[in-house]
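K.L.:
Just dropping this structure here.
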Amino acid sequence: MTDLAHIRNFSIIAHIDHGKSTLADRLIQLCGGLEAREMKEQVLDSMDIERERGITIKAQTVRLDYKAKNGEMYELNLIDTPGHVDFAYEVNRSLAACEGSLLVVDASQGVEAQTLANVYQALEVNHEVVPVLNKIDLPAADPEKTRQQIEDVIGLDASDAVEISAKSGIGIPDVLEAIVNRLPPPKGDIKAPLKAMLVDSWYDSYLGVVVLVRIIDGEMKKGQRVLMMGTGGVYTLEQVGIFRPKRENVASLTPGEIGFFTASIKEVADTRVGDTITEERRQCAAPLEGFKPAQPVVFCGLFPVDASEFEDLREAMGKLRLNDASFEFEMETSAALGFGFRCGFLGLLHLEIIRERIEREFNIDLITTAPSVIYHLHMTDGTVQEMHNPADMPDTMKIDHIEEPWIKATILVPDEYLGSVLKLCEDRRGHQVDLTYAGSRAMLVYRLPLNEVVLDFYDRLKSVSRGYASFDYHIEGYEEGDLVKMTILVNDELVDALSTIVHRSRAEQRGRAMCEKLKELIPKHLFKIPIQAAIGGRIVARETIAAMRKDVTAKCYGGDISRKRKLLDKQKEGKKKMRQFGRVDIPQDAFIAALKMDEN
Amino acid sequence: MDRNSLNTDKRNIVQGEDEAGFGVYVHWPFCLSKCPYCDFNSHVVANVDQRQWADALTRELEHMRGLTGPRELRSIFFGGGTPSLMEVPTVEAVLSAIDRLWGIHQGVEITLEANPTSVEAERFRGYRAAGVNRLSLGVQSLDDRELKFLGRLHSAEEALKAIGLAREIFPRLSFDLIYARPGQTAEAWARELRLALSHAADHLSLYQLTIEEGTAFARLYERGAFRLPEEEDAAELYRLTGEIAAEAGMSAYEVSNYARPGAEARHNLVYWRYGDYAGVGPGAHGRISGDGKKLATQTLKMPGEWLAAVNAEGHGIAALEDVSTAEQGDEMMLMGLRLEEGVSLSRHAHLTGHALDDARVDDLVQKGLLLREGDRIATTQRGRLVLDALLGRLLA
């Protein structure tokens, strides 16, 4: 065990691409956590998707042994945190497990909205925050301006910010010294009954569920019988250990330390993040405050392109859910798409990641239907129904009014793009709450209906600001809205998977845009195809896909029929990637693509 | 200009279609230069030992005779490559081998593809004497600038001379033109086509330019060096072509082939009616029926490899495949629906063992893309122009 004075627990707060993972790599390297040959980029991002997208999804932890300049050995525990708004709840719990944070800001880019939100979260849990200016060796780096920005925008003293380049390895020892000298050690009492916080858990195919814990008081040992105070579950600890980042068993975990245990827990759903773990026979007086469980806010349908893969899809979802309790699913039947699942996600990125993992890891081609938020339907009989699938919308005569969720969004943007961002927010029914400047950057606070944001707001924001705007949001509450269900008819047949809920004031514009998009997305057929958008019985937009006029191999002799036949076989194969609606083949990616607005 | 009823008198152009016939295809894989649009199996080789090639073709014909058994021969076709680079004795040797193996009776159509350069035209009389009775000239265009773009070695003047000469020498003549070229207007094409028709005998092949994978045009096209007409414009050019050809008494009996009644290419009809054919020479294809099966043959494509294989084993067959009954049904349809006369539904059912989905047929009839009369279905002019998609609808 290490005495409390020689432990430092910290996390790193940074915007995507500002160098968090690279800094983590460097810290691990300098403290000898991995041999040079074992180092690969972004050591802590273990999923392929995390590495490819340069994001962290699951919290990861690593213990570093550091010999400080004062000659003493320190145990540094780093909890890596996700950087995307969809996973804000994960940030929360990671922050709660430590006493300090490094705020990493790219000195060539400046502070971003996501960083801001996370720093405020850190300050809320009383973290000591050490600002770190990264990428100072880039020609575009402006440490002075960035320092000023940190003070102006965040209100944090940045005069003694550590200047580094994680990529070139400049200033890394200074970071380690700052952790030791400027972050506070944890508190705790080893003699008190065991009290530990459940930080995270995940499924490992060899070990079962692995639980990440922060010890507050007492001691955690192999063989111990523990009680999870929230769920009431009682388990016998099988392995107790730490990550360096390789897994290593230890005799015990003591106050201030971060480590893991396994205890033959079958599903991640059996554990609750933020729960308090204590000893069954000698319980602590009161549990920790805990966290609110993350609630899905975005819903959509996932259907197998090949209907015969429905059972495979069910199995894939079950497996993913083992590791991600925030992802929900239940069976859904669509007249157009057959059997599939209605799924709930924390946000669009979360949706995309799950979808990509199903397609990649389980090899199932998917059709994704229009994402929806949860609407509250206040019925004329006084009851309130939740609706997260436009296809489930009851008879409008029975609905008194509909409420939709609103968010408060914070957007940071260089002022040359402010105009386009304001327009985007206005187009999405936004209400401006605040507009302030920090140097040449504007900080915008907007209230927006979530249903205008879920699909492509972030993409559009990036696009209109050439990638410079950053965005963060939280849900504020429900408000009444004049909402209607828009349906799409392709070749005079209703395609339920394309139904959406829209604000009446936007309905015609959205209808036109969707019809135009579908006209591009659906290939020409042998006959002309009308595409219509309707609200109730009223057609609000219409496009027609002209019939195909020419598609024939000009030259066909020399007797090479096999080649022609192979083309036909390919055509048959291609048809499997389409879904048939009546007599129209709709490509699988059209369902989402049809909803994305170009707004140009 | 859609027809309203099936042109039933076209059904038996040569003989009863039930006997789609049997032909022999001979591939001569050499060219003086490679045309930028062509993806046929052709090679530019400086010196070809014609004796050696005549012997090898003969040996492979003998091997094919073993596979076909005795068959009544309907047609022979020398394709390529450039068969008009064959010396006359080579053609003689091949024809005499075919005569020995299957018998060339009176009325067998013997076609040879030729380029209209003056050098090649000198051999026309020799080919005729050897037995060739139909010439197919690769004219491609009657405009010098276009000929240059298409990479052809002849001029428009040479082409017209060759046409004149061929008409004197051969009982039957066809020539090819490529249209829907980059920047070609409807007026320019109409002028060129009318000029061609004024020189034509009784058969023309009129192809729209298509970009084939691996060709020089494919590379240029990808780089944006030129553009092809849009779908609508190409369709309009096709319609115009049919109209002008009809004025001259030639009807589109196949997607890209136009003839006066009775002047249809019998050899190509064997393919389109899904008959049997033996294919010899590098990269040649064959379809041979027997014992209730249909064999697909394909020979080695590289001339050197083919020659070595024939010398070693008596044939250059690289792939010998049993075409399943379902595949036979597909092949019959995708060839037969190219023809104005269409296909017999009962023959299709007989081949595959089950009837074609009636609902699909009716749907396409209703859309004005197919005609149905009794046992036969055929494409309308509109349907023929979207045949690839139509086949997907009908068979997939």
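Placement of Cβ uses the backbone N, Cα and C atoms for every residue, glycine included.
Remember, predicted model here, so these are calculated numbers, not experimental data.
Below are the features I grabbed from TrEMBL:
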BINDING   A:Asp17, A:His18, A:Gly19, A:Lys20, A:Ser21, A:Thr22, A:Asn134, A:Lys135, A:Ile136, A:Asp137  GTP binding site
DOMAIN    A:5-187  domain 'Tr-type G'
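Surface or core, plus neighbours and distances: that's what I need for these features.
P.N.:
There are 26 other CB atoms within 10 A of the CB of A:Ser21 (GTP binding site), with all protein chains counted.
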K.L.:
Which residues, sitting 6 or more apart from A:Gly19 (GTP binding site) on the same chain, put a CB under 8 Å from its CB?
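P.N.:
Looking at Cβ-Cβ distances below 8 Å from A:Gly19 (GTP binding site), excluding near sequence neighbours, one finds A:Val104, A:Asp106, A:Asn134, A:Lys135, A:Ala166, A:Lys167.
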K.L.:
How many neighbouring Cβ atoms, not counting its own, are there within 10 Å of the Cβ of A:Ile136 (GTP binding site)?
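P.N.:
Result for A:Ile136 (GTP binding site): 20 neighbouring Cβ atoms inside 10 Å.
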K.L.:
I'd like the number of other C-beta atoms within 10 A of the C-beta of A:Asn134 (GTP binding site), please.
P.N.:
30
K.L.:
With H, G and I counted as helix, E and B as strand and the rest as coil, say where DSSP puts A:Asn134 (GTP binding site).
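P.N.:
SS state of A:Asn134 (GTP binding site) = strand.
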